[in-house]
Amino acid sequence: AGFGNGNGARGGITQPPNHPPAPATTPKPKPPASLDRPASPHPHPQPPSYPPATLQQPTYSPKTSPSPPPPPPTPTYPPTSQGPPVTTPAYPPTSSSPPPPTVTPTYPPSSPSPPPPTPPPPPPSRPPPSSADAGKKLKVGYYENKCNRSVDVEAIVRKHVSGFDDGTKAGLIRLFFHDCFIRGCDASVLLDPTSTNQQPEKLGIPNFPSLRGYEVIDAAKDELEKACPGKVSCADIVAFAARDASYFLSGGRISFDMPAGRYDGNVSLASETLPNLPPPFAGFDQLEKMFADKGLDAFDMVTLSGAHSIGRSHCSSFSRDRLPPSSTSDMDTAFAAKLQASCASANGTDDNTNVLDRKVLFTSDAALTSDDMANNLVRVYAIFPWLWEDKFAEAMVKMGRIEIKTDTAGEIRKRCRVVNSKP
């Protein structure tokens with residue numbers, strides 16, 4: 001909670017001067033529509049008959065003579081009929097009923113029955129597993145057989161982490177948190193702005209300019225690409241670096257194995273930072289829900305918030321809602337006065353926090369005492385710091401399994417700040 005603006009591991013722990021490497025022990029097509037042309041609503045008009053339907057031919061009689069008796073009458077030509085006049089049939093012939101409408105054939109020809117449905121495409125040979133399944137497939141020692149035997153991937157990362165100051169180490173823990181809470185642990189937080197995406201995650205309000213540790217990841221990646229090209233993901237480097245920073249800052253007391261096998265994402269949006277990263281002014285209920293959305297419970301939230309015991313905070317993360325303290329504020333008055341004096345300067349910061357003594361920067365951390373369970377857990381951790389160290393290690397591994405990408409949804413970047421070019 002409040003990782004949106006804090007850095008680190010727990011309980012005011014300090015950096016030992018020289019320490020051994022991390023111990024190996026582990027705590028635990030729809031068919032085209034018919035193109036039928038509708039039939040004409042009216043039948044074709046009937047053309048007039050030709051010649052006219054009835055034609056009466058006049059009779060022809062020759063002159064008669066007055067002397068001898070009249071001969072029998074000469075038949076008329078053409079003969080006349082005692083019956084009705086002859087009717088010349090119409091041309092073209094007429095019909096007692098109108099002709100059927102002309103039907104334009106459809107194209108393609110229609111079928112009296114619907115065509116058989118298009119069979120669904122076959123499933124992919126390797127469907128991407130769900131996020132939870134992918135997270136379960138991470139394993140300790142993932143890179144043991146991925147590179148040449150002489151290449152120790154985790155030792156290379158640890159070497160680069162050890163070479164930076166404590167402030168940067170604390171920043172690496174926060175970098176891991178901010179990466180995993182947005183699109184899962186996929187190193188999307190490392191991507192630089194481009195002409196097609198001018199606002200990646202690293203320029204979001206919770207990340208810029210306070211997020212640190214990019215140079216550590218770059219240094220480790222450069223060496224690993226030379227020794228084992230195209231094998232080690234930037235997402236795994238971020239996870240290893242957070243693990244190693246916890247070890248160094250705790251004097252070796254926080255020591256655990258970090259499972260690996262993550263792939264790098266190729267989407268990074270600054271607009272997704274505020275909705276996903278718990279703000280420093282959040283109350284307990286909001287914090288609990290935001291962690292639950294990522295598969296983490298209230299115990300994980302309290303435990304991970306202990307990382308705010310080390311590192312630095314920008315005054316802008318707490319001065320608006322914590323300073324000056326109100327009459328109902330839970331902040332220690334002397335501590336508040338010290339903070340006000342520090343924040344009056346351009347570079348004012350403070351890195352000592354203690355929830356039980358009311359010496360805490362963020363509202364989100366003070367909120368841990370507003371819930372009975374959380375308050376009791378804070379007190380237990382204060383009494384038994386080794387218990388917090390063990391549970392912090394477990395919570396870091398659990399957080400490292402959030403929304404893991406697979407090879408079908410991710411890639412192994414050649415450089416952590418840019419996605420690979422596509423053919």
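Cβ atoms are placed via backbone N, Cα and C, with glycine included.
Curation does not apply to TrEMBL; its annotations are automatic.
Because the structure is a prediction, the values reported are computed rather than measured.
Going by TrEMBL, these are the annotated features:
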ACT_SITE  His178  active site, proton acceptor
BINDING   His308  heme b binding site
COMPBIAS  1-11  compositional bias 'Gly residues'
COMPBIAS  17-32  compositional bias 'Pro residues'
COMPBIAS  40-51  compositional bias 'Pro residues'
COMPBIAS  65-130  compositional bias 'Pro residues'
DISULFID  Cys147-Cys228  disulfide bond
DISULFID  Cys180-Cys185  disulfide bond
DISULFID  Cys234-Cys416  disulfide bond
DISULFID  Cys315-Cys343  disulfide bond
DOMAIN    137-420  domain 'Plant heme peroxidase family profile'
Cβ atoms near Cys228 (disulfide bond) (within 10 Å, other residues, all chains): 17
Rounded to the nearest angstrom, how far is the Cα of Cys185 (disulfide bond) from the Cα of the residue listed as 'active site, proton acceptor'? 9
Using Cα coordinates, what distance in whole Å links Cys147 (disulfide bond) and Cys185 (disulfide bond)? 22
Name, in the order they occur in the sequence, the residues of the same chain whose CB lies under 8 A from the CB of Cys234 (disulfide bond) and which sit 6 or more residues away. Ala187, Leu190, Ile217, Lys221, Asp264, Arg413, Cys416
Any idea what the Cα distance is from Cys185 (disulfide bond) over to Cys228 (disulfide bond), rounded to a whole Å? 22
Residue pair Cys180 (disulfide bond), Cys228 (disulfide bond) - Cα distance, angstrom, rounded: 25
If you average the pLDDT over the domain 'Plant heme peroxidase family profile' (137-420), what number do you get? 87
Number of other Cβ atoms within 10 Å of the Cβ of Cys185 (disulfide bond) across all protein chains: 31
Taking each of the recorded positions Cys147, His178 in turn and counting other Cβ atoms within 10 Å of its Cβ, which one has the fewest? Cys147
